[in-house]
Every structure is written in C-alpha cells, then in structure tokens.
Amino acid sequence: MSAPCHCKHVDDSSSNDKLSALSPELQQEFKDPNHPANLICELCRLFYDNNWVTGTGGGISIRDVDGPNPNLVYIAPSGVQKERIQPWEMFLVELPDEKILRTPNDIPKELTKSYKYKPSACTPLFISCYTLRDAGACIHTHSQHAVMVTLFFENEKEFAISHIEQIKALPKLKYNDETGKIEKIGSMEYYDKLVIPIIENTPHEEDLTDSLQEAIKNYPGASAVLVRRHGIYVWGETVWKAKVYNEAIDYLLELAVKMKLAGIPLVKQE
C-alpha cells in the first residue's frame, strides 16, 4: 500500500465525475486506487514534483504482477503532461506478443477532447526490462542528476560509487546459471560498489533499445541504465521496489555530482 498523493495538479472530484463517461467495466476497474493505471498517475505527479518528468518527458510503465494476468502492461502515452495524466489515458499491452489490447483513443471523445494519443516512445525499452529482467515496473526519468553524472563521466561506459549508506536500498543481484535468470540474493551493503552502465543517446528514443538490451545483459548486477545527456531507466520486481530504487539511485547521483565538484573520489580505496 502507498501513502496517498497530496499533490494538487488534478481536481479529484472532477476526475471522479469524468469516470461516469466510461463503460461500467472501466468505471469498476479504475475505482481501485491500487490499479496500475491509477498508480502510474500517482507516481507521475510525484515525479513531476521532483522535476523528473517535466515538459511531457519521461515515462512509467507497470506490469500487473498482482493481477489475474501478470502479462498485462500499462504504459503512459507519449507527449502528455505527466502531472495531469488520467487512468484512462494508458495503453494496455499484453506480453509476450506485445499485443495492444486498449488505447486511450478508444475512450469517449468527451474525455480525450479528440486528442490523438501515441504509444510511448519508451515502449520497446520498457518491454526489454520485462522480458530480460522479469521486472514488475520500469521508470524513465529525465533527472538532471542523471544527466550531469553522464557528463562528468563523458568518456566512461559506467558510473560507480561506493561506501555510501544509501546503497543499502538497492538489490544485490546475481545470474543463476541453472535457471538462466537474474535473481535477487539480498540487499547491497555499505562496502559494496554500485555500478550502473552508461549508453549513448540517440535522436529517437526507440533507437536506444539495442544498447539498453546489451547493457542489461552485460551488467547483471544493475537495476538501472544511464543514457548520456538524456536520463535514466530504472526497474524493479514491483512498482514500489522500482520507486525505491529510482529514489535511492537519484540520491546517489546527486551526491556524486557534489562529491565530484568537491574533488572527493566516488569509489573509496580500501
């Protein structure tokens, strides 16, 4: 369960009134505050307040791991103001065939104002996290801390930091030779070194897919991939784990920028 979001970007009573324009099935579906579509709205508002998804940038996707069909994936659309997004604006995709089951363009026009919604350009990257890491959610932000770190490490292929307490919030992952899957074996410890791969940006988001997949395969211990001069992708086994990992990593990235400016090494030598 999550704490209620207190940000006031959207009038809740107005949103409830608009639900009446939906089919009875969708009205019932969206009444659940923990429905993936509602959680995406909640997190988008929170992330907007953190300056992570401004100017329609960034995106969130959640796989319905607790629902009757864990292959259903809800994805926020492209080009919308994330702090004002509504649950009926999500694209619904079913894995593994990536079949689109529902789009916001199917919703009554009185709700969408005849706006032509487009699938998120992040979709193939989100899908990569689900298929390669069995993730329950994937978050993409345009965090300034993420961008700055990739600039400080302009000629590097990875970011590393150690001996910081916040590292404990992140999972310790290991490749299982028998199952062929990445498994969580615990949490990282204070002395551990966090390593996050950095991939180069491309003119179009979907063109990042191959590089992201390669980074995920080459860094089995990572829960995120930095995109140079762009932002970061973070995933977790549930939406709340992904949220925690994203917050912890952003804290570490912000701290890393300050440490760099102060001339303090990010990786402590034993």
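Indices start at 1 and increase along the chain as displayed.
The backbone N, Cα and C atoms fix where each Cβ goes, glycine too.
Note that the structure is predicted; figures quoted are calculated from it, not measured.
Spatially close to Cys122 (substrate binding site) yet at least six residues away along the chain are Gly59, Ser61, Ile75, Ser78, His140, Glu205, Tyr233, judged by Cβ distances under 8 angstroms. According to DSSP, Cys122 (substrate binding site) sits in a coil region rather than a helix or strand. Residues or ranges marked as substrate binding site by Swiss-Prot on the basis of sequence analysis: Cys122.
The DSSP secondary structure for His140 (Zn(2+) binding site) is strand. In the shown protein chains, 30 other C-beta atoms lie within 10 A of the C-beta of His140 (Zn(2+) binding site). If you look up Swiss-Prot, you'll see His140, His142, His230 marked as Zn(2+) binding site.
The feature active site, proton donor/acceptor is assigned by Swiss-Prot to Glu165. The Cβ neighbour count for Glu165 (active site, proton donor/acceptor), using a 10 Å radius and every protein chain shown, is 8.
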In angstrom units, rounded to an integer, how far apart are the Cα atoms of His142 (Zn(2+) binding site) and Glu165 (active site, proton donor/acceptor)? 24
Can you tell me the CA-to-CA distance separating Glu165 (active site, proton donor/acceptor) and His230 (Zn(2+) binding site), as a whole number of Å? 27
So, three-state DSSP: helix, strand or coil for His230 (Zn(2+) binding site)? coil
For Glu165 (active site, proton donor/acceptor), which of the three DSSP-derived states applies: helix, strand, or coil? helix
